[in-house]
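**Student:** Take a look at this one; I'll ask things after.
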């Protein structure tokens, strides 16, 4: 269902999104203004994406009104995602949000089948179920409390992202890939900037001082991961690529063991890894 080259791209994207998840978790906790953070993140990411013009061809497809509408829809979905993601990370425990994020590949799979007419098979359904279940097993923690506000932000975040991926797959090849990435970062930030109110300049300046070089670093990691994800879409179905990319969840869990010395629930994480590995093998 996916070539070795496509699998390599997807795994590389997974590693970068793992790094993004770890860095953004730290920054979201330290941010005093998640909305200003989100706007700055989008602007910096779009600036960094201009570097893709150096090695990607400047080529357009036959852009119709339908393509423009789906592109607009993608920017709205990413605006919703960017606007709620950092609130989600601020108001939800990392393990809880990680479990919620397993809804994203399921949404992408279902929407890809219905809207993109991608193939569906029992093998693919079992593989996606194994990957999602393995990720949940690896990070699940019993107990704790989820606030209604945190849950709402979390659900909006993961659902909008899953649908945005489907819009990506549908239209990104009609644009130079660097330009498309700029559109999907910069336009949502433009939408979000209206929510900052009359003191937008002060809020952006204060958040810039608080985060310094960290937002550009986060943007660079995100853009490279997104570029690899779109490159995977060139050679694989979204309903196959996204579940593989979402092994970043279990990579994060094991990264915590190796880097942060988080030695709790190791058998649980190993069991989750087995499920994820079996799922990837089925997709291969």
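The first residue you see is number 1, and the count goes up from there.
Using the three backbone atoms N, Cα and C, a Cβ is placed for every residue, glycine included.
Taken from TrEMBL, the feature domain 'EamA' covers 5-138, 149-283. Look at TrEMBL and you will find 38-56, 63-82, 94-115, 122-140, 146-167, 174-195, 215-233, 240-260, 266-283 tagged as transmembrane segment.
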**Student:** Might you confirm whether the transmembrane segment (94-115) is in contact with the transmembrane segment (266-283), defined here as three or more C-beta pairs under 8 A between residues 6 or more apart in sequence?
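**Tutor:** Counting Cβ pairs under 8 Å (6 or more apart in sequence), the transmembrane segment (266-283) does not reach the transmembrane segment (94-115), since there are fewer than 3.
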**Student:** Looking only at residues six or more beyond either end of the transmembrane segment (63-82), which have a C-beta under 8 A from one in the stretch?
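**Tutor:** For the transmembrane segment (63-82), the far contacts come to 38, 41-42, 156-157, 160-161, 163-164, 167-168, 170-171, 174-175, 183-185, 187-189, 191-192.
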**Student:** Okay, the transmembrane segment (174-195) and the transmembrane segment (38-56): do they have at least three CB pairs under 8 Å, pairs separated by 6 or more?
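**Tutor:** Yes, the transmembrane segment (38-56) and the transmembrane segment (174-195) are in contact.
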**Student:** Summarise the domain 'EamA' (5-138) as counts of helix, strand and coil residues per DSSP.
**Tutor:** 111 helix, 0 strand, 23 coil
**Student:** Which residues of the same chain, at least 6 past either end of the transmembrane segment (94-115), have a Cβ under 8 Å from a Cβ in it?
**Tutor:** 25, 88, 124, 128, 131-132, 135-136, 139-141, 144, 146, 150-151, 154-155, 157-159, 161-163, 165-166, 169-170, 237-239, 242-243, 246, 249, 252
**Student:** Mind checking which residues reach the transmembrane segment (174-195)? Cβ under 8 Å, same chain, six or more beyond either end.
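**Tutor:** Tertiary neighbours of the transmembrane segment (174-195) are 35, 38-43, 45-46, 49-53, 56-63, 67, 71, 74-76, 78-79, 81-83, 164, 168, 219, 223, 226-227, 230-231.
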**Student:** Can you tell me which parts of the same chain pack against the transmembrane segment (122-140), counting only residues 6+ beyond its ends and a CB-CB cutoff under 8 A?
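**Tutor:** Non-local partners: 1, 95, 98-99, 102, 105-106, 109, 239-240, 243-244, 246-247, 249-250, 252-253, 268-269, 271-280, 282-283.
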**Student:** What does the DSSP secondary structure composition of the domain 'EamA' (149-283) look like, as residue counts for helix, strand and coil?
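**Tutor:** Breakdown, helix to coil: 117 helix, 0 strand, 18 coil.
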**Student:** The domain 'EamA' (149-283): mean pLDDT?
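**Tutor:** Here the mean pLDDT over the domain 'EamA' (149-283) amounts to 85.
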